[in-house]
Amino acid sequence: MNAFATDMTAEPDGVPETAHSEELLRVDNVSLSFGGVKAITDISFDILKGEIRAIIGPNGAGKTSMLNVINGFYHPQEGTITWRGKERRKMKPYEAASQGIARTFQNVALFKGMTTLDNIMSGRSLKMHRNFFWQVIWRGPAEREEIEHRRKVEDIIDFLEIQAIRKTPVGRLPYGLQKRVELGRALAMEPDLLLLDEPMAGMNLEEKEDMSRFILDVNQEFGTTIALIEHDMGVVMDLSDRVVVLDYGKKIADGPPEEVQANQNVIDAYLGVSH
Amino acid sequence: MLYDIFIDPFVQMYEMPDFFLQVLWEGFVAGILYALIALGFVLIFKASGVFNFAQGIMVVFAGLTLVGLNENGVPAYLALALTIAAMGILAYGVERVVMRPLVNQPDIILLMATIGLTYFLIGFGEFVFGGEPKQMITEELGLPTGSTAIEFGERGLVILQHIDIAAAVIAVLMVAALGIFFNKTRIGRALRAVADDHQAALSVGISLNQIWAIVWFAAGLVALATGIMWGARSDVSFALEIVAFKALPVLILGGFTSIPGAIVGGLIIGFGEKIGELYWGGLVGGGIESWLAYIIALIFLLFRPQGLFGERIIERV
Amino acid sequence: MFYREAGQFKTSYKADQALMPILQDRVGLLVILAVAFVVIPVFANDFFLTSIMIPFLVFSLAAIGLNVLTGFCGQLSLGTGAFMGVGAYAAYKLTSIFPDANVILMVLLSGVFSAAIGAVFGLPSLRIKGLYLAVTTLAAQFFLEWCFIRIPWLYNYNASGAIEIPHREAFGVVVSGAEATPIVRYFIVLGITALIAYLMANVLRGRIGRSWMMIRDMDIAAELMGIRPLQTKLMAFAVSSYICGVAGAMMVFFWLNAAEPSSYSISLSFQILFMVILGGLGSLSGAFMGAAFIWILPVFLKFIPGTIGINVAAETVEHITFMIVGALIIFFLIVEPHGFARLWQIAKQKLRVWPFPY
């Protein structure tokens with residue numbers, strides 16, 4: 001779980017290919033519905049340790065719902081989720097977080113009233129333990145703990161190159177920077193699995209390039225496993241190791257980018273076919 | 001003890017059905033009046049998303065203006081017309097001075113502004129008409145007085161105040177009128193559009209300011225009707241303000257935007273309160289009417305956080 | 001020109017995350033403390049202490065309490081008055097049961113009871129949000145008020161139904177009861193308020209304060225980041241009610257000397273809520289500014305007619321005060337919905353570049 005702290009100093013050349021064989025998470029036959037509406041139907045796939053896994057599909061295909069299932073926000077009616085080889089029981093989102101699943105959101109879900117620094121510090125919440133008593137006193141343990149975590153957070157701020165907006169309330173930042181702060185907040189949790197919900201939505205080309213580089217760096221330098229949803233096919237094909245394609249809540253393809261790109265079902269789903 | 005709580009009240013209900021019916025009637029009337037106050041809230045909340053705390057004080061203010069004008073020698077019906085005009089001016093003023101500058105502020109700020117308005121109206125009302133309670137001019141307005149007793153053969157009798165019957169009839173008529181206004185007229189449609197989305201409504205050429213003024217005026221009329229009815233039952237005083245808080249549990253039961261919800265919620269609270277007070281209140285020393293409504297609403301909320309008529313909330317991220 | 005942080009470099013995270021990283025702010029705070037602890041006691045008369053300073057401090061503390069819940073954790077509460085009442089009645093019972101114990105300690109302890117009751121009424125907050133939560137706190141308000149009236153044990157079966165604060169001494173001085181001097185009361189109230197304000201500043205800048213703000217700003221995201229919503233909210237309810245409870249106890253022990261259930265009515269709740277909103281949600285200094293405005297302005301208004309030589313009935317003055325306060329509330333909400341704290345920030349920003357704004 002302390003991937004970030006340790007891997008900061010680890011070999012920078014990336015994770016050896018062998019790491020890609022170990023299974024981190026798998027979903028089996030998961031179905032989810034709201035009332036009568038089926039959001040996800042019988043989907044199975046796995047995420048291997050150290051890979052970048054893309055989930056793509058047209059709007060309303062159930063991609064975000066899938067992420068919500070993975071981090072415990074929605075509870076599927078059917079199917080199982082296996083996390084690190086153990087079948088996961090029904091859990092609350094904060095339990096998923098404490099097991100090492102972090103995430104960013106499609107519509108930026110930053111804490112608007114707080115500064116960039118505080119937002120990223122909030123990602124450290126799970127790792128800070130001084131209780132109310134020490135917090136009240138502040139001097140001593142609570143302050144030391146705060147400084148210790150501040151150091152880690154400053155590393156992330158340096159990594160994402162957002163030093164200049166450290167003390168700016170995030171509500172005032174432009175959209176692209178907000179997305180970056182949100183990534184920083186998720187990184188502060190030192191997750192094993194990082195879920196990115198359209199990290200590049202609404203960005204211009206330059207911002208997309210920056211963001212792609214950050215994602216690759218996170219994956220290669222810290223060895224963080226990443227599952228991402230993205231609409232920009234160029235980005236998806238470049239970044240991801242494997243792609244799963246959803247349409248109308250069903251899985252229609254799964255495999256390496258080139259393979260998926262050539263798949264007839266996928267082409268039909270995106271371009272539409274005459275029935 | 002358990003007997004007192006679980007059995008005795010029901011035995012009483014069975015043995016003295018006339019008393020029980022009387023209690024139900026009292027609850028019904030109280031419920032109608034709560035519903036009327038809640039109706040004013042709903043109108044404004046529907047159109048502007050503002051939780052109008054001043055609705056309670058608007059009731060008092062309307063009643064005071066009516067009685068105050070009459071005391072100063074204005075004939076009853078002219079006073080009524082003038083009061084309606086006053087509510088119109090109030091609506092215009094509120095829209096111009098409070099609502100318009102505060103467009104797009106968070107809910108709590110708007111709520112605060114209406115509490116500020118409450119303070120202002122209390123001060124203004126007392127300043128102009130004095131702080132002491134006044135008698136409602138029921139007869140002058142041609143409203144029925146007196147009461148009818150209905151007998152049940154051997155089992156006793158129930159007394160119905162005529163003014164209460166009138167209140168019920170007027171409430172029904174008002175709800176019907178509002179229903180038609182909302183669903184059948186052009187302004188009603190614009191109003192629903194505004195309720196859905198301010199900006200989208202603006203973009204298709206609906207004037208928010210006009211709609212808000214209309215809604216506040218409508219709420220003012222509802223307040224006037226409520227003030228007359230309530231004043232006729234007790235008197236017109238600022239003590240009524242505390243009753244207005246009861247509108248909150250009513251709204252929570254019925255949903256903040258549903259007119260039928262306000263009526264049903266009002267009735268549930270009215271019945272629940274009266275029955276609870278008269279059959280169970282004595283066990284803990286009485287006076288539980290002051291908080292029972294909130295507890296009823298709270299229990300409902302715990303099981304249905306979306307209210308009686310609200311749709312199930314699906315949280316999204 | 002004078003308010004500028006240029007040249008003040010931080011060389012450690014410790015210095016950077018201090019409560020007041022800018023030198024001028026620290027000096028300003030020292031000046032305020034010096035005035036509060038030295039200048040006012042030396043120069044102020046009894047009237048000023050009893051009618052202005054003591055209530056102002058009590059209300060400031062209550063506003064800090066509500067601010068923790070509403071301003072920092074985002075849970076609207078209309079039950080502040082009742083939670084203050086719990087503190088008052090608890091302190092009264094404590095000092096009746098333990099007449100020899102230090103009454104200041106009892107006042108501080110009384111908050112524990114209001115914290116417990118606050119936490120109980122905070123339980124529904126897991127399922128109920130926003131305006132809907134207001135009904136929970138309203139239930140608390142009216143239910144507790146009813147308890148203050150209907151449970152005679154709470155006011156020691158007094159015929160008047162009110163609590164009357166007995167004569168108590170601490171550290172060899174009379175601190176409560178009719179004989180306590182205003183200056184002693186002032187120092188106690190000032191000390192407690194300043195201490196709690198400082199301790200809360202600590203809590204709010206650390207992990208716990210952040211977790212409250214996370215819940216306030218985006219509860220779903222907070223939960224997905226490992227914040228347990230129920231625990232966090234309950235803690236906010238408890239801490240907030242503790243502070244309100246202490247404020248309520250101070251209100252009767254060191255200011256009013258006697259209190260009835262109606263002293264802790266819904267209008268007190270609203271008064272405190274106004275202080276918080278006008279001062280600025282989520283700002284400790286705002287709580288003081290809001291309290292000053294809401295408490296001192298009406299006192300001030302009362303004296304205007306007399307000073308300028310117009311003879312107006314006391315009632316009329318009160319009515320006009322109501323109107324003015326109501327109008328000013330709306331006015332300030334329109335001018336700056338984020339309260340005095342934000343106005344002060346903007347002023348500081350202007351000062352920074354003064355006199356050459358471009």
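Cβ atoms here come from the backbone N, Cα and C positions, even for glycine.
Sequence-distant contacts of the transmembrane segment (C:27-44) (same chain, at least 6 residues past either end, Cβ-Cβ under 8 Å): 20, 53, 183, 186-187, 190, 194. Residues or ranges marked as transmembrane segment by TrEMBL: C:27-44 (among others).
Annotation comment: TrEMBL describes C:50-69 (among others) as transmembrane segment.
Long-range neighbours of the transmembrane segment (C:76-92) within the same chain, counting only residues 6 or more positions beyond its ends whose Cβ lies under 8 Å from a Cβ of the stretch, are 62, 65-66, 69-70, 103, 106-107, 109-114, 117-118, 121, 130-131, 133-134, 136-145, 148, 154-156, 163, 165, 240-241, 244-249, 251-253, 259, 261, 263-270, 272-273. Annotation comment: TrEMBL describes C:76-92 (among others) as transmembrane segment.
TrEMBL lists C:104-123 (among others) with the feature transmembrane segment.
What TrEMBL lists as transmembrane segment is C:130-151 (among others).
Annotation source TrEMBL lists transmembrane segment at C:183-204 (among others).
Marked as transmembrane segment by TrEMBL: C:234-256 (among others).
According to TrEMBL, the feature transmembrane segment maps to C:262-281 (among others). Non-local neighbours of the transmembrane segment (C:262-281) in the same chain are 59-60, 62-63, 66-67, 70-71, 77-82, 84-85, 88, 138, 141-142, 144-145, 148, 244, 248, 251-252, 256, 287-291, 293-295, 329, 332-333, 338-342; each lies 6+ residues outside the stretch with a CB under 8 Å from one of its CB atoms.
Remote same-chain residues near the transmembrane segment (C:293-314) are listed as 51-52, 55-56, 59, 271, 274-275, 278-279, 320-321, 324-325, 328, 340 (criterion: CB distance under 8 Å, separation of at least six residues from the stretch ends). Look at TrEMBL and you will find C:293-314 (among others) tagged as transmembrane segment.
Marked as transmembrane segment by TrEMBL: C:320-341 (among others).
The stretch with the most CB contacts under 8 Å to the transmembrane segment (C:50-69), chosen from C:104-123, C:130-151, C:183-204, C:234-256, C:320-341, is C:234-256. Highest Cβ pair count under 8 Å relative to the transmembrane segment (C:130-151), across stretches C:104-123, C:183-204, C:234-256, C:320-341: C:104-123. Sequence-distant contacts of the transmembrane segment (C:104-123), counting only residues of its own chain at least 6 positions beyond either end whose CB sits under 8 Å from a CB of the stretch, comprise 75, 79, 83-84, 86-88, 90-91, 94-95, 98, 136-137, 139-140, 144, 170, 175, 188, 192, 233-234, 236-246, 248-250, 253.
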